[in-house]
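Heads up: the structure comes next, in structure tokens.
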Amino acid sequence: MEVGNEQGRAQGNGRSDTPAEKPRTSPCNSLKMFLVALSFAYFAKALSGSYMKSTITQLERRFDIPSYLIGVIDGSFEVGNLLVIAFVSYFGAKLHRPKIIAVGCVLMSIGTFIIALPHFIIGRYQYETSVRWVVNSTLNPSPCPVGSPSDLAQDRKLSHVPATACEGDSNLSMWIYVLLGNVLRGIGETPVQPLGISYIDDFASDENAALYVGCVQTISVIGPVFGYLLGSLCAKIYVDIGFVKMETITITPSDARWVGAWWLGYLIAGVITLLSAIPFWFLPRSLHIPGAQGSEKCTPEQTSFIKDPHSGKHKYPADQNTTFIEMAKDFIPSLRTLLGNPVYLIYLCVSIIQLNSLIGMVTYKPKYIEQHFRQSASKANFLMGVINIPAVALGMFSGGLLMKRLKLNIMGAARFAFGTSLIGYILSLFFFAMSCENAKVAGVTLPYISLDSISYDKHSVFAACNSDCFCSESDWDPVCGENGITYVSPCLAGCASSSGSGKNTVFSSCSCVGVAGNFTASTGQCPEKDDCDRMFPYFLALSVITSFIISLGGTPGYMFLIRCIKPQLKSLALGFHAMATRTLAGIPAPIYFGAIIDTTCLKWGQKRCGGLGACRIYNTTAYRIAYLGLTLSLRSISFIICIPGFILLSRQLRKEERNAVHGALANGGTELEALRKEEFVVSNSDQSQQTADRETRL
């Protein structure tokens, strides 16, 4: 009978729910559609962002600019975010969030296309070289020109392009397009994170919110895998592919003068970003989940990863009928309330310092692999995409899963994030021991007189062996001598003649290579990679382990940010956090990291129209100390700030527990008083009823 009654009730419920089930898209399905669309948008923005970092050395060489200026270009993305993020986060939370995200994706794609624009405006890439590609050419001059200084000056003047072409090819204004495109890309990216995460947290159950956020952030980390792989592929392709004959190119991808097809990846990333905007135009402004009915449709589990007696405590309805003026009036008080939360302020300071370390490290990590371990740009990007980034993705997903399984509360999430970051910091100290000696370059890393040991003192590229040649010390056209020493150019190696063409050119009678002057030299730097090849696998293994451990605390740390403030301030807190970290970390970190790296340069390239260009070779020891030392010093400061943060958090949680107990006692006393009143009323009614009965009997 009970089964039959239950079936009857179920059927009754089914009949009563029929009108509500007419729309084919349920709130749960709409949320899943939004989750898929947001994941694709995260993938697109992460792909283009990581591709930008993979092209750093390519842009340096193409536009002849130092590392700090590349840092300015990279930080311009955060400038775009800064311009609009506070207003988008606050006002956008009360408007149609999916459509605002769609507009942002369109702006991102336009900005990405603008970044690639200089390639189609600027002239062909020209690098300094003394190698001729024409076979059996009778116009192949001696690498060591002999004559008067005036003759040499006249010869160089004729060999250079005309002044008008030089002015048009000076590249002084071309990198501005890259900067402006990156600013527009930053403006478009603004609504994706705060509005997307707050939308999920508003309409997902408390238990599933952490898992959904973990999934989205995992997808956003998968994006860089494809971004770096795309960077690796484009770095192998010559920049002017399709516009020049490839047999005329006398350098290889491992050469410090090589520039890959950096523009091609931006065109691909722009198309992908444009496609990510389409689904958001068809998603609803808000989802109405009526408590139990919504729970029945979405079938969540009964337990919550944060134990909370109130199921909807963190939910804040975004679809409110408030005017723009009312929202504007409420902005300053809301911001004052947010900044009055000491736990939020401590978290903000720690995030800013740690992101300074993270952004600086990630921005120049491919460059560090190239310079320190003498790998090509293509291989460095490939390793970042295939080995390092998947470890980060797995760590972030595992962190969200562990948070759900362990049912971590706010304090547990904070401790988990701190512990993983501390373990990763300790392991990172071992990077200092993974050293690799620099290449032996005569006149740069060692003197001509003593070619045995590397010395980073100031050396002269001129010596007695090349005194008869009128050479330019600014050129970078390296050749490898038979003695295993690299020389800055064939002229500075004292080579008198050459044979062959293109990459197979051999320079002979090089007076600086051997005493007798009958030794030869070949194009390009000497490999000298034995010591680096032994150390490089250990570097990669430790890099993967530390990346995985540190990223484990990513999702718990992000959920801590959402839970440590009032639900009404959730979108504003996310937006202000993003604005502060972009202003104080995203913008300055690439600039000062790049400026410090520039101080370790040993040999600067020369612009065709005068002035210093991109760095050709670095002091690897100074580079390692500056790069790793700055990264770990910043993280040390963040750990110190965490101590008062934990103290304030524990006090706040104890205060909330006391308030909850007092509230429960007060509610209990009120209920008891009401119960007594009911009993009193019932007893009085019974007495009056008994009196009436007696009177009736009488």
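Start at 1 and count along the chain as shown; that gives each residue its number.
Note that Cβ sites are derived from N, Cα and C of the backbone, with glycine treated the same way.
The annotation region 'Disordered' is assigned in TrEMBL to 1-26.
Residues annotated as transmembrane segment in TrEMBL: 31-48 (among others).
As annotated by TrEMBL, domain 'Major facilitator superfamily (MFS) profile' applies to 34-654.
The transmembrane segment annotation in TrEMBL covers 68-93 (among others).
According to TrEMBL, the transmembrane segment annotation covers 100-122 (among others).
According to TrEMBL, the transmembrane segment annotation covers 263-283 (among others). Under 8 Å from some Cβ of the transmembrane segment (263-283) lie the Cβ atoms of residues 30, 33-34, 36-37, 40-41, 43-45, 47-48, 51, 54-55, 98-99, 101-106, 108-110, 112-113, 115-116, 118-120, 227, 230-231, 233-234, 237, 239, all in the same chain and six or more residues away from its ends.
The annotation transmembrane segment is assigned in TrEMBL to 344-362 (among others). With a threshold of 8 Å between CB atoms, the same-chain residues lying at least 6 positions outside the transmembrane segment (344-362) that come near it are 53, 338, 421, 560-561, 564-565, 573, 577, 580-581, 584-586, 588-590, 592-593, 627, 630-632, 634-635, 637-638, 641-642, 644-645, 648.
For 382-402 (among others), the entry in TrEMBL reads transmembrane segment.
What TrEMBL records for 414-434 (among others) is transmembrane segment. A Cβ distance under 8 Å defines the sequence-distant neighbours of the transmembrane segment (414-434), meaning residues of its chain 6+ beyond its ends; these are 354, 399, 402-403, 408, 535, 538-539, 542, 545-547, 549-554, 556-557, 560, 624-625, 628, 631-632, 635-636, 638-639, 642, 645-646, 649.
For 459-514, the entry in TrEMBL reads domain 'Kazal-like'.
Among the features that TrEMBL reports, transmembrane segment is placed at 535-562 (among others).
Counting residues 6+ beyond its ends, the transmembrane segment (583-605) has Cβ neighbours under 8 Å at 61, 64, 66-72, 74-75, 77-79, 81-82, 128, 257, 351-353, 355-357, 359-360, 363-364, 367, 441, 444-445, 456, 474, 476, 488, 612-619, 622-623, 626-627, 630 in the same chain. Per TrEMBL, the feature transmembrane segment maps to 583-605 (among others).
Here the transmembrane segment (625-649) has long-range neighbours at 342-343, 346-347, 349-350, 353-354, 356-357, 360-361, 364, 368, 410-411, 414-415, 418, 421-422, 425, 428-429, 431-432, 564, 593, 596-597, 599-600, meaning same-chain residues at least 6 beyond its ends whose C-beta is under 8 angstroms from one of its own. Annotation source TrEMBL lists transmembrane segment at 625-649 (among others).
With a threshold of 8 Å between CB atoms, the same-chain residues lying at least 6 positions outside the transmembrane segment (68-93) that come near it are 49, 52-53, 56, 59-60, 100, 111, 175, 178-180, 182-191, 194-195, 198, 318, 324, 327, 331, 334, 363, 570-572, 574-576, 578-579, 582-583, 586-595, 598. As a whole-number mean, the pLDDT of the domain 'Major facilitator superfamily (MFS) profile' (34-654) in this prediction is 79. Residue counts of the domain 'Kazal-like' (459-514) by helix, strand and coil are 6 helix, 15 strand, 35 coil (DSSP-based).
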